[in-house]
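Read the structure below first, then the notes.
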């Protein structure tokens, strides 16, 4: 896969995410020396790693504000075969051929079922012939080899006679070995003739037995045919391999994960299928593993391109009770791993694997209050999950967004950055606490972003399909928003200022000349630390006019204003 790393020892500190760098060929992997890990080692780097880090940190990789530079230029490739390059189409066809051969040989199942053996069939035919001979009360005739063609059941006696004949010939040849060369040549010829004649006579009963079996099948109305083992049927993420065009989309993921190297892609696919059988994925999906971790990892909304968005909130593990229940021993860490794999499997099976469909997700990793690298248990669980995800879930993430990034994670990123390919780095986006909401809005609309991350998506009168308008309020300036009303109705609206620290007011201004404005909300300052990040209000209108919202930003920084409104007709009395 183009998403590869050299997997240094400290890469296990990276937070758990769906799309992780794939392992390159073994020759390119820099393995850490086998030794026990301790909390002290998680903070103090090993000598070799420290040298690498110091060498990297000596080079300017950040901007003036200390933010990690990123390309953010990743563009998802097409999943339509017609859009592929010629060499990519060829690689896909070659991989499909390898997969078909493996299905025919039942290689993906781990064990190939035994086909009916020809020797067993012949042995069964001989037993039937023997029973028939006993019924007819035919007397045995072992005196001559020639007569054995009429009695296939006497094969053992024939073999005995044949062996004695050959031994006699060999003994005679050995006795006459002191004679002239002509006699020796004649002896060899005699042995060869004996062997040929014996082989012919031993093959003849089997042939006649087969003829007898065929005639018996025909007598019963059947037809003798070779038994053929059908190809193996394998499905992955709910898609049967080679059954339809969705299979091409799956195979393309493995090809892209291995830079279109067909053999490597096939090995990865085969390993993934065998691992899924061993791990019991299909059974795991149906199990009830509880909902204790639903606040740690959850799906919420879609990005601007239609990708489902998955949020991982590692700050939840600040809860000591939850941390102990999840990571305190190996059994609990394995349960966490199974829950994480189950969640991912359920999410993937909702994707659209048709050509041109959305078959990847956007991963948002919230690092606010996240336990640091000194948490050994979390590191171990994360490390195990990373290995499974990188080996068995290729090309499932369109973008990795890291928000509320602390200083220590920026340091970790600086360490692992040299070991990431450009393709991997192009998927990564990092944002500190003050820039997290703006960063999310680059990829996800405000109506799809949860309230806790700066958006307006929550349980309310508004659906996630109702569009939010975004406006920038300049520093030391006022901004007004107007909602026109043409009839009696109930007007509802939601307003949010990212960071607040501004004043907000609302009034209704009638269209009639002799009417007076009605103050809905006196101007009030909404502090940045408010516990009410979204202002939800409504007003019942009895005549035509407009609702006017006034936002005053006295600070020296620009503010982002989010709002949306809707009206419900009412009957005026």
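Start at 1 and count along the chain as shown; that gives each residue its number.
In case you wondered, yes, glycine gets a Cβ from its N, Cα and C as well.
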Given ranges 49-102, 103-156, the stretch to which TrEMBL attaches the annotation region 'Disordered': 103-156
Annotated stretch (region 'Disordered', per TrEMBL) among the listed ranges 199-227, 228-256: 199-227
Stretch carrying region 'Disordered' according to TrEMBL (options 22-47, 282-307): 22-47
Overall pLDDT for the domain 'CRAL-TRIO' (286-461), taken as the rounded mean: 90
